[in-house]
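Data first, discussion second: the structure below is written as structure tokens.
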Amino acid sequence: MALVFSALLLLGLCGKISSEGQPAFHNTPGAMNYELPTTKYETQDTFNAGIVGPLYKMVHIFLSVVQPNDFPLDLIKKLIQNKKFDISVDSKEPEIIVLALKIALYEIGVLICAILGLLFIILMPLVGCFFCMCRCCNKCGGEMHQRQKQNAPCRRKCLGLSLLVICLLMSLGIIYGFVANQQTRTRIKGTQKLAKSNFRDFQTLLTETPKQIDYVVEQYTNTKNKAFSDLDGIGSVLGGRIKDQLKPKVTPVLEEIKAMATAIKQTKDALQNMSSSLKSLQDAATQLNTNLSSVRNSIENSLSSSDCTSDPASKICDSIRPSLSSLGSSLNSSQLPSVDRELNTVTEVDKTDLESLVKRGYTTIDEIPNTIQNQTVDVIKDVKNTLDSISSNIKDMSQSIPIEDMLLQVSHYLNNSNRYLNQELPKLEEYDSYWWLGGLIVCFLLTLIVTFFFLGLLCGVFGYDKHATPTRRGCVSNTGGIFLMAGVGFGFLFCWILMILVVLTFVVGANVEKLLCEPYENKKLLQVLDTPYLLKEQWQFYLSGMLFNNPDINMTFEQVYRDCKRGRGIYAAFQLENVVNVSDHFNIDQISENINTELENLNVNIDSIELLDNTGRKSLEDFAHSGIDTIDYSTYLKETEKSPTEVNLLTFASTLEAKANQLPEGKPKQAFLLDVQNIRAIHQHLLPPVQQSLNTLRQSVWTLQQTSNKLPEKVKKILASLDSVQHFLTNNVSLIVIGETKKFGKTILGYFEHYLHWVFYAITEKMTSCKPMATAMDSAVNGILCGYVADPLNLFWFGIGKATVLLLPAVIIAIKLAKYYRRMDSEDVYDDVETVPMKNLEIGSNGYHKDHLYGVHNPVMTSPSRY
């Protein structure tokens, strides 16, 4: 019923959504990742036996030894094909005989064990009966007489130890029986819980299916919102992509032009500084020369006075006179050429404001997103309307699926099934209580027998007195012997009944394990069901014939089980495409075409981009031909490297002052000292402006020298790069816009194709997972049949059978051991006085004193009481 529901559900869904061909599920850049909500089921996939698991494995190993043959796949097929064993004239009797022989050969291990069990069942009562009659005739150990032998203590100990070991092994088997019996009761009680768990899983499946449909519908809304987000931001998305393609080409040349604009400003500033420095230098040099000439003339006048011609001043004055020629300026700034022409040219170039033209080029590129955003307003609106209409269709489709009616029908079926199980499972528990009670009785019977043996050993061992003769044994020892014989009696009385139970449960349990549980675990049982023409002669594939009335569809139980176990959807697992092919109705291409038609109207027109106009180009060319590259900068640098004066004025002043101080007081001395002050004043006030002008001139020359280095070649290269980029923009920008527009359209379309492919995948592979079906099947076979019934049953017969089989040696040993513990009516005595302290008895024919043979009472040979 669940399968029918799922098929109807998918029919309703597939009738509204469409595509062609098997979906090529792929990832789209920027697309959303979809995943159906995970459904958590309650029932476990595997069944853990718990602490009794090793015991079950031990039984499985035993069964593998008894029945080592592989699952008889071919034999089972033959049996099913010959299910009508019509023993008639026309029947193929030899084939049936061969088949029976194959069955017997396969079951040889089980048959041997069963035959041995039957022999045990038949012989043990007979042996017990004959043994009882034999004992009643004072035979078979029934005579209360014991012949003492020298190895009697050793035999007693060996027999006692052997019986103890056997009883311990029997106890172990009885414990297995108790455990298995209790496991059966516990597991059967858990059957109802397991069944309810599976029903809850089916209810979860029914509950989650509408949620999965709602989730699929909601994901279209999320996909649409994602597309709307890209459409609303088409300027930044599409425009950004176009801009990103243009920037690597445009940015380098604009940066070069921008750097050249900066160089123009720097050149203009350097020329201005150079021009002003030249003027300042000429003025300062002229003033310096004038002042130095005045001081030189003053010194010459002092040297020409009469005071300097007479001794002793004449020698000093003569030493001053040669140095006067160096008191002057070394600069020749008036001969440095002017740079006013170059300055005027560069000033005119700078008026063009090349930097603003570069910014305009950048702005043209940066405005592309806004341009695209403004041009696509109407087209974006139409695309949104188309996507909204598809959204409305999907919502109408989801509302038109008769999901509620289907869920009600399936839920009603599940409720009826659950109600039926709730009514029948208590009966199963009632029957199980009978089995449990019977199992307890069996286990307690064996426990009683083993208890008698243990009590016999306990009383016999601890009550035995090695100094007491057989007729004088104590009460405790005698009681031990009686317990042993009681165990023997109960053993003969019940062992055959126990063996009947063991044989029946062994045959059933072993075959269930080997023919159902193991082949189900390795899926060979499903291979039997998948055999063509086996379950129905006219059908090649039984499952597809049963579900679709089309036995030619290659659908097998094993494949369906494997797919359901993996959590695959019902549509794919049961190949419902043979009922309704989603590909015939799920027309992804049609939906994609509708969206693509609207996206094709997305035309973007970007006017020709001009990075730099003719004015800017002319400015670059004028700058290249401004003449700054023809200036003889070495002349200026050579001039700036000169010292403003031919001699160091401070040194000259100090020398003059020292010589003046050597002169006697008079006018020359006073005049020289005044000249020293004037020289120092010239050095302090007139020399710094000259030096500053020289430094400024030097810095400006250096700047211009660097800027003008290969200036025409640089400008030519920039213009060539500009022409190349401009040519690229003129010829390729439209192609870039068209290409990126198509990519944008494909991205938007890809969102929906990705969504539609996912919907197809979700419907066919994930939606309405049939995992609960495989879990329910595992629960029925692995869980209930094998785990709850077969394994405890096998452990039960294994334990009880082990204890029952060990009864045989236990009975034999107990019979022999009882003679050593029970009090005898008579005994044999050795002639050796050291062995028995009674010698004055008649000698019998066998060498022993047997007083009772002659009717003479002998207190040593007889016991005062008899048990």
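In case you wondered, yes, glycine gets a Cβ from its N, Cα and C as well.
Annotation source Swiss-Prot lists N6-acetyllysine at Lys226 (among others).
The 10 Å shell around the Cβ of Lys258 (N6-acetyllysine) contains 18 further Cβ atoms across the protein chains shown. According to DSSP, Lys258 (N6-acetyllysine) is assigned to a helical segment. Under the heading N6-acetyllysine, Swiss-Prot lists Lys258 (among others).
A helical conformation is recorded for Lys265 (N6-acetyllysine) in the three-state DSSP classification. Counting Cβ atoms from all protein chains shown, Lys265 (N6-acetyllysine) has 15 others lying within 10 Å of its own Cβ. Among the features that Swiss-Prot reports, N6-acetyllysine is placed at Lys265 (among others).
Summarising the annotation, Swiss-Prot assigns phosphoserine to Ser865.
Positions annotated as signal peptide by Swiss-Prot, on the basis of sequence analysis: 1-19.
When averaged over the topological domain 'Extracellular' (20-107), pLDDT in the model lands at 73. Annotated topological domain 'Extracellular' per Swiss-Prot: 20-107 (among others), in sequence order.
For 180-434 (among others), the entry in Swiss-Prot reads topological domain 'Extracellular', with the evidence type sequence analysis.
The annotation topological domain 'Extracellular' is assigned in Swiss-Prot to 509-794 (among others).
Taken from Swiss-Prot, the feature transmembrane segment covers 108-128 (among others). Sequence-distant neighbours of the transmembrane segment (108-128) (same chain, 6+ residues past either end, Cβ-Cβ under 8 Å): 65-69, 492-493, 495-496, 499-500, 502-503, 506-507, 510-511, 801, 804-805, 808.
Under the heading transmembrane segment, Swiss-Prot lists 159-179 (among others). Outside the transmembrane segment (159-179) by six or more residues, the chain places 52, 55, 439, 442-443, 446-447, 450, 453-454, 457, 460-461, 795-796, 798-803, 806-807, 809-810, 813-814, 816-817, 820 with a CB less than 8 A from a CB of the stretch.
Under the heading transmembrane segment, Swiss-Prot lists 435-455 (among others), citing sequence analysis as support.
Listed by sequence, the residues of this chain that lie at least six past the ends of the transmembrane segment (488-508) yet keep a Cβ under 8 A from its Cβ atoms are 110, 113-114, 117-118, 120-122, 124-125, 127-128, 131-132, 442, 445-446, 448-449, 452, 793-794, 796-797, 800-801, 804, 807-808, 810-811, 814-815, 818. Feature annotation from Swiss-Prot assigns transmembrane segment to 488-508 (among others); the stated evidence is sequence analysis.
Per Swiss-Prot, transmembrane segment is recorded for 795-815 (among others), and the stated evidence type is sequence analysis.
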Within 10 A of the CB of Lys226 (N6-acetyllysine), the number of other CB atoms across every chain shown is 17
Under a three-state reduction of DSSP output, how is Lys226 (N6-acetyllysine) classified: helix, strand, or coil?
-> helix
Could you state the CA-to-CA distance between Lys258 (N6-acetyllysine) and Lys265 (N6-acetyllysine) to the nearest Å?
-> 11
Hey, how far is Lys265 (N6-acetyllysine) from Lys226 (N6-acetyllysine), Cα to Cα, in Å?
-> 50
